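Worksheet: one structure, shown below.
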Amino acid sequence: MAPQKRKIADLDDSDDEEPVLGKQVLPVANLPDSFHGVPADGLQYLFMVRRDARALPNVTRVTNPYEIPEKNADISVQPSDAIRSSNVLPSEEWRGTFLRRFKNFRKNSTQSTIHVRIPHADTSRRMMPDKKDREAWWAFLTGQPESVWNPPKKPKQSRYERWQQKNDRQGRGMRGFSSDPDGPSISHNFHEADASAMRASAQTWRVSDDGEVELVDEVKPAGSLPTPDAAPEPQAIPFEVAQTGEPPALRVTPEPTPSLMHCIDHRYALHLLMYFTHWINIHLEQPDLALSDFTVVHARWMFNLLSRVDDYISGDEASLLRNLARACMSLIVELKRRRNAKDSAEVSQAKIETFGWMLRRH
């Protein structure tokens, strides 16, 4: 005869005990948790055992002997080494505060701000150089005029002009005379050619009263001896000064404004940070280049570009940022070395050392 199955009503559905794996076989006494007397029977003893077991942690481990600081380690560190490391590295408190504020800055710079509108960029005028033009970006970040990093494009030649220019080049290679009867004739007179060359070399650029640059004949007294009353010849105005209207020393480095940073995404920011790595390494490898080319504005650019980098980056992108951090650390070491050597040209640039720690903690 097959054994009868127990009904659900016959099972013990008491709520006094917590559900555990397995099936309870031994009976347990129902006592309060504050019971601390001597168990009178097995039921009370099992209750006390299970109560104490619940108070213990689920996972335990043995004591790690390496957590105890060794006394010899404190003796090996000399005071001079501790002072030197404290002067070079920022404190842990400073690094923790900086990292927390930088994360908050990244969130505030990427999310939309209420009741604040970023001005729309003027599409007719370029605000920044092209992404892949590294030389143009260096000219832009060093405050050079727009004509340097954004030169005007040459007008595109028509198909007929390109065809005619190609035929002219082929014609000059095939014969020694011009096929155009109305074109410029070749002078076989030596004196005439010499005079025309002298007239061309005597021309120079100058700024007119209207502020325009024009080509004029340079007037020089011929055949006269210098006299004490003769006025000195005025110096020629550089073309850059005549074109921009201000000397090159008055360059203003552009700031990383929100309107500019709004046009830079994650990949664009990493591309520009790679440019900074290249520029720093070039200045470190070539001693003739002054480190004063890097200013605090460049540090602000690097700081804002780091804020445009996403939270999760690939291995190649992490390697790029590590190279940038190494370059900045090398720059800090070189600046300290030159300051210790009392290089007056580099002592005034001591402020740019601080931006290297921002990259190290990113």
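Think of each number as a place in line: the chain as shown, counted from 1.
Using N, Cα and C of the backbone, Cβ positions are placed for all residues, glycine too.
In TrEMBL, the annotation region 'Disordered' applies to 1-21, one of the ranges 1-21, 64-84, 85-105.
Shown for the compositional bias 'Basic and acidic residues' (158-171): DSSP residue counts in helix, strand and coil, namely 13 helix, 0 strand, 1 coil.
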